[in-house]
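If you check Swiss-Prot, you get these features:
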- Arg42: L-glutamate binding site (BINDING)
- Gly76, Arg77, Trp102, Thr156, Asp175, Gln198, Asn240, Thr241: pyridoxal 5'-phosphate binding site (BINDING)
- Lys199: N6-(pyridoxal phosphate)lysine (MOD_RES)
Amino acid sequence: MSATYNFCAGPAMLPQAVMEKAQSELLDWNGLGTSVMEISHRSKEFIALTEQAEIDLRELMSIPSNYHVLFMHGGGRGQFSAVVNNFLGNNGKALYLVDGSWSSAAVDEAKKLAGETQIDTLNIVEKDGATSRVSIPNLKELDQDYRYLHYCPNETVDGIEIFEELDSPWPIVADMSSNIMSREIDVSRYGLIYAGAQKNIGPSGLSIVIVKDELLQLPQLPQSSIMDYRLGVKHGSMYNTPPTFAWYLAAEVFKWLKSSGGVGEVQKANERKAGTLYQFIDSCDFYENRVAVENRSVMNVTFYLKDEALNDEFIKQAKAVGLVALKGHRSVGGMRASIYNAMPLEGVEKLVEFMTDFANKNRA
């Protein structure tokens, strides 16, 4: 059977080696005669798994010792609520930078919980014709006392990525659901990083939270216990039963990342994949990208057929040759190739080959 390359924005493809290992030990994990899905989350075997997973994640991201790592329920949207409830209190204010669909969704959730007056927003995307470009003002010139600044450095729907480290006078909260461990970052510049697992970490149902200890002293709003960071830290992410199979797969992905040379080597591979695809799009008059070069996402490459009447045929023919989930988000249309860490270069090369052939056959 020929290879199928899954370009879904999430849940996304997992590394082949991880999938094969999970398959091989699905019914008998660690010599226990049972699946990892069937054992107690408080068993010594599973505790050992979770401890090693945290060690590996800390090593991969160079997480300082004054940061806690939580493995939580809820995905990214769950963290939209958790951030507000854990940090804002009754009288605090927060600033949200808006650069696309997911940062907008975070704003909506924050305003629902805290009210309009506690949440300020700043749109940082400018339009130059059809091209989107990020423009971030000098944040230190804003005369406000915010509990935190929230932003999403990679917008999957819009294909926009912010590569610069923000210079913020307030603690930075970053939604890295779609670009965590895709490139090296300085964790110490952030107050909190959260990420839904289903793009670069594992299957859906799990979220990772990396939080600086001092932020846990901020006033809280009433909230559910399972989304309380303080309780999560106190109970080692096991105040309630965690999503154990997702945690297990995340642990295997961390091992795979280490065996691949770590985040630095994965970053080089990601840049090569994205560069291959963007270079082709820019050189072909049949397709176009609508994001400024300096803000083009390495993880989510959006592109448009100049004759959009061919969209359905493009998707149909791509699927027939093993290139699936290329349809763009319904809110923006076009196409989207999500090329997260697990996507091999061969998948991108096959996509470019198909796009070349499709363009040659369908030019007017």
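Each residue, glycine too, has its Cβ placed from N, Cα and C.
Gly76 (pyridoxal 5'-phosphate binding site) sits 11 Å from Lys199 (N6-(pyridoxal phosphate)lysine), taking the C-alpha atoms as the reference points. Under the three-state DSSP scheme, Asp175 (pyridoxal 5'-phosphate binding site) falls in the strand class.
Listed recorded positions: Trp102, Lys199. The one with the lowest count of other Cβ atoms within 10 Å of its Cβ is Trp102.
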